[in-house]
């Protein structure tokens, strides 16, 4: 979605010309869930004057009830009309930043927190941090009650066409809706697993790209239901097939120059690119809980399903955590392959950026690239060349996060503490459950 700039007068004009009936004021909580306050268009002036309030104590991870009043400050550049609402009175969306009653940004707002880390980046002389995400999702059939089943919509494979790929019509409608909302779609295809899909859209600056991810998820789920399908961004909904990732392709800029590109070096990369990569590798264990926030996330990060399990980097090899795609010039970027679509994009990107800046500020040295298939190396071979494992459970990821000051700085005290507390509860709840697998394994034997 290309960057646009709107004024209050523009918004008033759009609302009147398009006969908008409702305004949806959208924000994202710490767990990555989209929240919204919907108001009639008669409240537009109040919205434009940053006077819309909501109860922050009702949002998980925000505040206690005694300090609950919050204000929504809309980002006017995020104005869009949902195409599917035309028949019932048009609904427009504005993404908002959350502010406290004293007029300062709320420390628990992931979007505002990302802006804080971007300011730190600017203080180091960089002007832009761009993100190109690659979100994947599964489509499951709905039952007669509208509940998701475990029946996939097709048995297609990577880049398959209809009739094997029965989700093609749904995917095409999703693309059309996204384009109507201003997205620049680059590709749309079936992924490796049956029922799995990927739609790639053009990179954008950090905040806009994260806004786009949240909008993308909403559109995918909405249009899927119109096709009697349930779209899920759960990282590993099925055993024995590839899970869904959301690779982050990131690049730093100084003005119009890509700070990662140097045509005079062997790999075409600058010292800044190597230092940034070194910082991401150094802090990878610490940010894994943020980039892979569910118990289920770690069912994806296992050998054999094209997801990274090991902390290393390479130019072409897809088995390490970081890959440097072959494009150079303005397209020079690094691809962080561990991120999954359940991640809060604002928090995941803040953690990755802070990690990279840690590498730049401390002039960290990147290890040698690993060009062999790490999945085929045994533990002794990996340890001999200094390759660490990513955390294998949410519990070990949270432990690594608690020990990492860079990630604490990336998220700020409020988000950091609330996230760890919420995810620790989730882990404790999971570990005390008795699963169907356990009953199948042990009920008769013992």
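For all residues, glycine too, the Cβ spot is worked out from N, Cα and C.
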### Message
Looking at L-glutamate binding as recorded in Swiss-Prot, which candidate out of 225, 333, 337 goes with 242, 243, 300, 306, 318?
### Response
337
### Query
Which one of 45, 51, 335 goes with 134, 247 at the Mg(2+) 1 site, as Swiss-Prot has it?
335
### Query
DSSP on residue 300 (L-glutamate binding site), three-state: which is it?
helix
### Task
Would you give the longest CA-CA distance, in whole angstrom, between residues of 242, 243, 300, 306, 318, 337, the set recorded as binding L-glutamate?
15
### Task
Check the Cα distances from residue 306 (L-glutamate binding site) to each of the binding-site residues 134, 186, 198, 251, 318, 323 and keep only the ones within 10 Å.
318
#### Entry: Top Cα neighbour of residue 134 (Mg(2+) 1 binding site) in the set of binding-site residues 198, 300, 318, 323, 337
198
### Message
What does the structure give for the C-alpha distance between residue 186 (ATP binding site) and residue 198 (Mg(2+) 2 binding site)? Integer Å is fine.
### Response
11
### Message
So among 136, 242, 318, all listed as binding-site residues, which is physically nearest to residue 335 (Mg(2+) 1 binding site)? Use the C-alpha atoms.
### Response
318
